Each structure stands twice: as structure tokens, then as C-alpha cells.
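Straight from Swiss-Prot, the features:
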- Ser36: phosphoserine (MOD_RES)
- Ser39: phosphoserine (MOD_RES)
- Ser40: phosphoserine (MOD_RES)
- 79-177: domain 'Mis18' (DOMAIN)
- Cys84, Cys87, Cys140, Cys143: Zn(2+) binding site (BINDING)
- Lys161: SUMO2 cross-link (CROSSLNK)
- Ser232: phosphoserine (MOD_RES)
Amino acid sequence: MAGVRSLRCSRGCAGGCECGDKGKCRDSSLLGKRLSEDSSRHQLLQKWASMWSSMSEDASVADMERARLEEAAAAEERPLVFLCSGCRRPLGDSLSWVASQEDTNCILLRCVSCNVSVDKEQKLSKREKENGCVLETLCCAGCSLNLGYVYRCTPKNLDYKRDLFCLSVEAIESYVLGSSEKQIVSEDKELFNLESRVEIEKSLTQMEDVLKALQMKLWEAESKLSFATCKS
């Protein structure tokens, strides 16, 4: 009929819809729309997931950096323990730190441990700009290593050094108190001091006495055997 528009469904069917069911065409259209919406939601979720993952990674990196800085700050706050480079005896710590002398390569401490022996023989300093300073030599009580000196008398311009212990950087080693990463004594270098030397010498003397006793018994046995041979 003229003037009657040809109706088409979503599949392109004309007239009364060759699909046979207008409801099915409508459902198909709605299904496509929902699939499109689901696809958009999926893309949006992926975008959010990507953004969240990126933010999580940034937060993780930030946390690691913060932890590293906190650990470094804590390490700086921990005191240093100064050891004799010869026998690893503790000599002092940074809690008694006064200053460092770059020109003489020394550190100045207010006090030291009992492992530092002070030679009471006084002598004048021969260092430049220390004219008039009276010094006493410092040695390690364990291995007798020369550690430095202590200022006993000073001119007026060096009064701040009086009674301070000056330890040579070359004669000492240090480690951070509470640090488990660094060993006080290296694996390939055993701790050797005066006490261990005395124990070793004592053991050697005992072994020597045992060897002498065995040698005497061997000599007696050889003498008896030789006498028996001659008699027969």
C-alpha cells in the first residue's frame, strides 16, 4: 500500500519482521547495548586497576626510600666504638668525642678505656704549632701498639687540648654499635693478644714435658732390649 512505511527490525527484516518475533529483535538490541556498556565498564575497571597498581608501586618505592633514610639516620645516631687495629681491644667510643685533627690525622677523646696504657715519661711535642706542649705516649695494653699521646701541659692558645687523648687514625679501627653487618674480627684473622699468647706458651711447655718423658721411657726400653740381647 502506498503511504505505508516499510518497518525494519534491527536485523534488517522488512514489514512484519521476518524474524517472526518482534520481542526477540528488541532483546537482541538490548543485549548489544548491555554488552557495549559492560565493555565500557571493563575498560574503566582496567584503567582504575592500572592506576591503583601504579599508585601502589609508587607507595612501595616511597616506603622503601623512607625506610632506607630512617635506617641511615639511625646509623648516624648510633655511637662508634674505636678498636685497636692490632688486637681489636676496645679503646673508647664516640660518646667522648671532642674533635678531629686533619693535619695530624688524629681524633681527640675526653676519656679512653682501661685497655689504653699511659707512659708516664713526658716529652715535648715536636709537631708544628705545638711548641710548649708536654705529651705522654699512649699504648695498647694488649699488644703494646703505639696509639698516640695525651696532652698534659699546653700553652694558652692550646688549653682546649689539655688532658685530651689523641688517638692516631692509623692505629685504630671502628664499627657502629649495634651493627650486625660488620664483624669486629675478620674471618681470616684470629684474635691474638697477650692472654692468648700466654696460654699458647703454657700449652707448648706442657707438650715439651710430655715429649721429654716419652723420650726417657723410650731410652729405658732401648737400654733393656740392648742388655737382653748382649746377655743372650
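Each Cβ is built from the backbone N, Cα and C atoms, and glycine gets one as well.
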Report summary line: the residue listed as 'SUMO2 cross-link' -> DSSP, reduced to three states, gives helix
**Report entry** Three-class DSSP secondary structure - Cys84 (Zn(2+) binding site)
**Finding:** strand
Requested in this report: Calculate the distance in Å between the alpha carbons (Cα) of Cys84 (Zn(2+) binding site) and the residue listed as 'SUMO2 cross-link', and round it to a whole number.
Outcome: 22
Report summary line: For Lys161 (SUMO2 cross-link), the nonlocal same-chain Cβ neighbours (under 8 Å, six or more residues apart) come out as Leu108, Cys133, Tyr151, Thr154
**Report entry** Least Cβ-crowded entry, counting other Cβ within 10 Å, from the binding-site residues listed as Cys84, Cys87, Cys140, Cys143
**Finding:** Cys143
Query raised in the report: For the domain 'Mis18' (79-177), what are the DSSP-based totals of helix, strand and coil residues?
Result: 12 helix, 51 strand, 36 coil
